[in-house]
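Chemist: There's a structure below that I have some questions on.
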Amino acid sequence: MAACGEPGRPWQEEEAAAVVVVGSCMTDLVSLTSRLPKTGETIHGHEFFIGFGGKGANQCVQAARLGAKAAIVCKVGNDSFGNDYIENLKQNHISTEFTYQTRDAATGTASIIVNNEGQNIIVIVAGANLFLNSEDLKKAASVISRAKVMICQLEISPAASLEALTMARRSGVKTLFNPAPAMADLDPQFYTLSSIFCCNESEAEILTGHAVSDPTTAGKAAMILLERGCQVVVITLGASGCVILSQAEPVPKHIPTEAVKAVDTTGAGDSFVGALAFYLAYYPNLSLEEMLKRSNFIAAVSVQATGTQSSYPYKKDLPLALF
């Protein structure tokens with residue numbers, strides 16, 4: 001595996017990316033309102049903005065802002081949103097060598113409504129993301145095989161995510177799988193191909209059929225997921241932190257986080273995943289528990305500002321103790 005140097009050092013395109021994401025790019029269309037509308041109701045919002053999102057790109061951007069050499073394998077439309085997105089990735093120092101454009105679909109979009117408490121409802125139209133295919137992945141095999149960590153989600157086709165995970169595992173690359181948006185009938189291979197299986201409470205509910213509302217119920221859901229073949233299961237619980245369970249230590253452990261005033265929780269889970277990937281790649285000797293504590297902290301910073309990627313902190317904005 002190619003050496004990846006020090007986090008945060010400017011890097012050349014020929015250097016191997018330590019964190020590789022195979023996933024989605026979405027243009028966020030965000031409306032801020034005092035409260036969320038009811039069915040059939042029209043309400044006034046007080047602000048609108050267009051931002052950059054998509055679980056894959058979000059996770060990649062957070063890892064890059066912490067100092068990771070990062071690359072993304074994704075597909076956007078051959079349109080203004082797609083062109084703007086490629087420029088956004090470059091500005092975040094993310095390799096776009098395998099960022100493809102297609103004329104067959106528009107760049108993916110996410111329509112987001114956020115209330116005064118920072119709660120949100122989201123509708124995504126995946127668009128070009130679903131056109132990322134096996135041929136695209138094969139072209140990107142060199143960057144996937146040389147990574148230290150590869151992240152996948154489910155905003156691209158499940159078949160593409162499964163193929164990417166298979167490629168990574170075959171090359172000895174650590175895999176971090178975020179099963180979002182969750183599917184009740186998830187292919188069993190996703191569990192066995194994931195070095196770390198990381199989901200939130202609502203995703204854990206869909207996957208297991210059991211209610212998840214606190215660390216205790218999260219631990220029970222994690223046990224079910226572990227029994228399906230995962231090596232490590234992490235269930236995030238928002239303001240309550242997260243729960244971890246592993247084959248090596250099959251007793252659920254709750255890792256709390258600091259209480260903060262949330263302004264906008266959109267993308268907080270992606271901030272957590274991106275931070276975790278950064279620590280897995282650059283601080284492999286840290287305990288997983290410590291990595292999760294630090295990832296909790298970074299995600300908590302992100303909820304204190306509006307927007308998705310716009311809320312993600314840079315290394316320079318964070319305490320030195322995290323590095």
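Placement of Cβ uses the backbone N, Cα and C atoms for every residue, glycine included.
What you are looking at is a predicted structure, and each value in this text was computed from that prediction instead of being measured.
Residues or ranges marked as substrate binding site by Swiss-Prot on the basis of sequence analysis: Met26, Thr27, Asp28, Gly54, Lys55, Gly56, Ala57, Asn58, Glu155, Asp270. Taken from Swiss-Prot, the feature ATP binding site applies to Asn200, Thr236, Leu237, Gly238, Ala239, Ser240, Gly241, Thr257, Gly269, Asp270, Asn296. Marked as K(+) binding site by Swiss-Prot: Asp264, Thr266, Ser302, Ala305, Gly307, Ser311. As annotated by Swiss-Prot, active site, proton acceptor applies to Asp270, with the evidence given as sequence analysis.
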Chemist: By Cβ count within 10 Å, point out the most packed of the binding-site residues listed: Thr266, Ser302, Ser311.
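Modeler: Within the set of binding-site residues, the most crowded position is Ser302.
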Chemist: Around Gly269 (ATP binding site), which residues of its chain at least 6 apart sit with Cβ under 8 Å of its Cβ?
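Modeler: The answer is Asn178, Ala180, Asn200, Thr236, Ala299.
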Chemist: Looking at the binding-site residues listed here (Met26, Asp28, Ala57, Ala305, Gly307), whose Cα lies nearest to that of Gly241 (ATP binding site)?
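Modeler: With Cα distances computed to Gly241 (ATP binding site), the winner among Met26, Asp28, Ala57, Ala305, Gly307 is Ala305.
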Chemist: Using C-alpha atoms, which one of the binding-site residues Lys55, Leu237, Asp264, Ser302, Ala305 comes nearest to Asp270 (active site, proton acceptor)?
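Modeler: With Cα distances computed to Asp270 (active site, proton acceptor), the winner among Lys55, Leu237, Asp264, Ser302, Ala305 is Lys55.
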Chemist: Select the closest residue to Asp28 (substrate binding site) from the following binding-site residues, measuring between CA atoms: Leu237, Ser302, Gly307, Ser311.
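Modeler: Result for Asp28 (substrate binding site): the nearest of the binding-site residues is Gly307.
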Chemist: Measuring Cα to Cα, how many angstrom lie between Asn296 (ATP binding site) and Ala305 (K(+) binding site)?
Modeler: 16
Chemist: Ala239 (ATP binding site) to Asp264 (K(+) binding site): how many Å between their Cα atoms?
Modeler: 12
Chemist: Determine, for the K(+) site, the additional residues of the same chain whose CB lies within 8 Å of the mean position of the CB atoms of Asp264, Thr266, Ser302, Ala305, Gly307, Ser311; present them in sequence order.
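Modeler: In sequence order, the nearby non-listed residues are Val263, Thr265, Gly267, Ala268, Val303, Gln304, Thr306, Thr308, Ser310, Tyr312.
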Chemist: List, in sequence order, the same-chain residues at least six positions removed whose CB sits under 8 Å from that of Glu155 (substrate binding site)?
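Modeler: In sequence order, the residues whose Cβ lies under 8 Å from that of Glu155 (substrate binding site) (at least 6 apart) are Gly23, Ser24, Met26, Gly54, Lys55, Gly56, Gly108, Ile124, Ala126, Asn129, Ala180, Pro181.
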